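Scroll down for the structure; my scribbles are underneath it.
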Amino acid sequence: MARGFNNIAYISLCILRFWCASLPGYVHPDEFFQSPEIMGGDVLGYEVFRPWEFVQSPQCRSIVIPYDLNFTKKLFNWVVWIVVKNHSQILLDYTAYTIAQLFYPNNALRSLLVFASSYVVLIFNTRPFSNSVESILLALAFCVYVKGSTPKFPLRQQHGDSSTDKDEFPVNLAFLFGCIVALGSFTRITFILYAFPIGLAFLHHIFLSARAQGKSWCVYSKFSELLPACLGLIMTTVICVLADSLYFGALNITFSGTLLDKDHIFELLRNPMKFVEIGWHGNLIITPLNNFAYNLDSNNLSQHGLHPRYLHIYNFVLLFGPLTLLTMKDLQFSVNFMRLLSKRTYKTVIVYSGLCGFMFLSLIPHQEARFLLPLLLPVIIVPSDRIHKLNMSFWTIWAVFNLVFVAIFGGLHQAGIVPIMQKLQNQALRFKKCEELSGYFQCELGKKFFIPVSDPTETLTTNIIFYKTYMPPRHLLGYPKAWRGTNVQVNVYDLAGSPLSDLENLITKQVPSKSSLTENLWREQIIFQQNKNSNNSRIFERTLLVTPSTTDFSPFFIGTYNELTSIGYDDNNGKKRMKLKLIEQHWPHVNFDHLDRIFAKGMYLNVYLLVSFSD
């Protein structure tokens, strides 16, 4: 009966995870700017913002993982992509269940429920963070190690049986282990910290375990098991280095003196003897080493924020909540009584994996909670032998803790940014039936992209200013690079947390007049005003300001621009028309943004239409 209930609970949590993957919460800019934003420019041809890791020289972020993830996303539609993302997370579920079942089979399903109900899995691991990929690769590395060292997998040990005293490590799994270690290192340099104990356990199994004691130290008998792993490590490293070097333009491949192209590839396939005509020119880029060197310099880290060394203790509690006490209580026992020679080798390895990652990351002065995402597995496994002893109080506190943070990070935290990009795309790129009326252009809102003209008579420009928000993902706006220079222009200004004076200076340039908007601004219409600052009278512009409603504009709007207005609706003679409202309300400071109040309906994330009519 209890097992059936647990099965239903787990299936329900998996369904909840699919739903959480579609929530608009914006956890951290890196979930977009380390992967989707780059691919939006490279693959889809949109104008994007390339972060420093891909711009500065030498580059510090490998392009391999972003291309792999986004190539998969391009093949599938949005719904299927959510399924693909969550399918990769099932690997983490499988690992947690497997480890718990090895030693505590009666508690394995309960451990899985704790894992699947964590908001770390529901929110963080359903976002395209490189830390999420790091967690998956770490779990895969551990699975390969366990499966390779126990061929009869999964194994429930008998009394006196050592799980490592088995047959040789399979060649295919050893090769895969090497590939995963290399790929994880190119995903994030911190992967090495978490994977180090797993690598030691792998070497221990080959050279020092009871199984290996009877073997001679000849190359074939012992090193034959290590060679496939080395081959996988080297091959994957070479592929990643070549991919990064070619992508960033540091390396050029030539064929008969000219740059290699697809026609040359077909020619090589027809005549392999011409491979001798391939040449290499340039330098190799090893992004993990560049990343490591970058993070050694405290001046570089200060640009991203310096934190006290103890901050990861707070981050640990923030991520795992009630599990923190259980983990701390059992951790001393785990460290004192578990060794590589013990019968609990697998639990030992995963525990030391977490300890190694946590301790070394705490030495780095730049600390963010997402850096600790790979700790979820060790945190689940350490107290797994006493999960069945937890009373209803724990489960209640655990459920409330995770529901609160699902609501915060999934539904509230900067949650207006992603949905509003679609609204802005409609405003900036989807309009029709434009006509000039008394010095301004009036267009209707449409469903299809406006067809740009390369040699325009009139230029229609939309300026979008983001103030006191997270970085807007430009690829979600969907403005094609090829449209730059046409009659449809979109300019994005991200002021982040700049002083209010910077916003004032920018708006002053774009909106020089203080006159009010005319009364014939209807819903479903877009108004472009003539740019009075330009010598070309055929340039028409509009400015949209996106900012949380909690932003206090009283020193700026009331004192300087007391006629700048927000969008609103009013019934007049039975018709819904646009009206103007002075920005006079002082909003209380709340750190949650939402989209329920977009375009005149009292929202947390306001969009102000700034216009410049002649006096």
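Numbering starts at 1 and runs along the chain as displayed.
Cβ coordinates come from backbone N, Cα and C, glycine included.
Of the candidate ranges 63-81, 310-328, TrEMBL annotates residues 310-328 with the feature transmembrane segment. Contact count against the transmembrane segment (310-328) (Cβ pairs under 8 Å) is highest for 392-412, out of 226-250, 349-366, 392-412. Sequence-distant contacts of the transmembrane segment (349-366) (same chain, at least 6 residues past either end, Cβ-Cβ under 8 Å): 99, 138, 142, 145, 190, 193-198, 201, 295, 298, 301, 304-307, 309-310, 312, 316, 331, 334-335, 338, 340, 372, 374-375, 377-379, 381-382.
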